[in-house]
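Down below is the structure, laid out as structure tokens.
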């Protein structure tokens, strides 16, 4: 997911010369950026083991899909990415960064004291907004200070640290839940954010006044319309969005699937962590395959593999039985999620390829549609997964077919 924020910044022209930084300063940038970016993953993954306790707290049935919306609404908060992207280019990095921290911390703490699930969902949406502001601005600051291979090196360290979060966070959340309550689990992300927020006050502004945008937000609408009417851009954007909806549906319902449908709640952190580790391997290896074979060929390969696995996923329900045995489910969903994180960077690169000078706003549009629409579709899929995971398998098959059709046309 970090790829979409990074693309919007890499594609913008350098408006000022970066100053050479010391090794000590670079280490601080890496650690601070990593801590800032972890807030997004931490705000999702550590809370997954606690969703069952929240259902019990609000008196919901064990097979209720309502708590999955706590994850989906956090993703939906990313719809503000386009707005925060403009603000950080217009007014500088630090004001927007600190605003994002305040929103994230306040809403994260308030979520614990929400009297109703509907209030929690609203607060989770605003928490997602705060996370989007922090993540975008942190990466923008890296873009201000580094360029080319040096920036790639810094971001590779940051991304590696971030990819460890989905592997470790669910186990941490489960451990805390065993010795405390779901409220304590939900407090961990905002409490972690507080010292990082304080740390931001020792940082210097990285975007000088002369390099900031001078035009109003409304004046960017012609560029926005150009992006939305570009057929090549929309083809790849829609492909990535609908595939992301399957990832959203899986992540937000994973605790209930493992804990309630398969009656293995103790196994959930381990299963989620194993799948997360495999996804990290695929994500890190994608650059090698793309460099060797090209983005379009690699994307088509992973979409083809996605189609075959999703077809097998559906077929197994009728061959073996429904519900599908746990480890068959884990194998299928693990492969689908790994193909997703490997294919996504290529779809974003191909979508941005024809944008030229409009690549910055195009990447912001891409990320906004990707997160919001993808999460919305994922929420709809969740509501069908009451007794088994067949709806998820069918949805994966449908989106893979649509994705293959959309990416099979000639370049526009």
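The chain as shown is numbered from 1 upward.
Backbone N, Cα and C atoms are what each Cβ position is placed from, and that goes for glycine too.
Look at TrEMBL and you will find 29-411 tagged as domain 'Major facilitator superfamily (MFS) profile'. The transmembrane segment annotation in TrEMBL covers 29-50, 70-87, 99-119, 125-142, 154-176, 182-203, 224-247, 267-289, 301-320, 326-343, 355-378, 384-406.
Residues 45, 48-49, 159-160, 163-164, 166-168, 170-171, 173-174, 254-255, 258-259, 298, 326, 330, 333-334, 337-342, 345-346 of the same chain, all 6+ positions outside the transmembrane segment (267-289), place their C-beta atoms under 8 angstroms from a C-beta of that stretch.
Nonlocal intrachain contacts for the transmembrane segment (182-203), taken as residues 6+ away from its ends with a CB within less than 8 angstroms of a stretch CB, comprise 32, 35-36, 38-39, 42-43, 46-47, 49-50, 53-54, 57, 94, 97-98, 101-102, 104-109, 111-112, 134, 141, 172-173, 176. The stretch from 154-176, 224-247, 301-320 that makes the most Cβ contacts under 8 Å with the transmembrane segment (125-142) is 154-176. Through the fold, the transmembrane segment (70-87) approaches residues 5, 8, 43-44, 47-48, 51, 54, 95-96, 100, 120-122, 124-133, 136-137, 213, 217, 220, 248, 251-252, 360-361, 364-365, 367-368, 370-372, 374-376, 378-379, 382 of its own chain, all at least 6 residues removed from its boundaries and within a Cβ separation under 8 Å. Tertiary neighbourhood of the transmembrane segment (384-406): same-chain residues 63, 65, 235-236, 238-239, 242-243, 245-246, 249-250, 253, 257, 261, 303-304, 306-307, 310-311, 313-314, 317, 322-324, 329, 332-333, 336, selected by CB-CB distance under 8 Å and a gap of 6+ residues from either end. Mean pLDDT across the domain 'Major facilitator superfamily (MFS) profile' (29-411) comes to 87 in this model.
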